[in-house]
Amino acid sequence: TGENRGRIYDKASRFPNKAISICDEAVSVARSLDEACMPTMQCTHALLNMYTTSDGICWHRDIYENDGKSDHPVVNLCIGASCKFAFKHNENDDERSVILTNGDVLLFGGPCRFILHSVLEVYLHDCPNWMKMTTLTPYRLSFTFRDSPEVCGREKEFKYFRVKENLVGQDEFQLPPPTSSSPFSSLSSTTTSNNVCCNEKKRTFDSNKYCNVTG
């Protein structure tokens, strides 16, 4: 990305089966807690971002074509260093935040699909022991899983993303009504944004934390 982050965006089949199975299980757990608000999803694509400094990413919504054109959840898996993840529904709302650590799985969908969110800071000093023993430079990996069949076969269009150039249309975006699934007609179909998720409920999930936004 040219902004202290490495990036890979590709179809889900190019990623390890274990990672995709974690996505599927997270959605299943979320729906068991709140089936009325959390839709199903079929993971078609995955985004991998690598954070190598303490810098996070600015406030944004995941509104672009390769983020998915529906209210189906976006699922995030955090590996390595921890971070401070903040979120709110609207610009004027008070922000809330959660610390994401190695192995945390988070998602948002349904009425919270287009929530504002930001990675405020990456805590490179707070990483798992296996990372401290195997690398001189800690990092954070963010796997984000998306249901975006509309861009199948067009993955190369979304290979690169630079915030200053590609994070467009955010101010003009209008939250869709509950019955709308395609609020993208007036938006640029440039590239995807970054991390996703939020924190409202937590439960044990494969010995890691699980977070789900429901309202």
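Every residue, even glycine, has its Cβ placed from backbone N, Cα and C.
When H89, H117 are compared with the Fe cation site residues H60, D62 in TrEMBL, the one appearing in that site is H117.
For the binding-site residues H60, H117, counting C-beta atoms within 10 A of each C-beta gives the highest total at H117.
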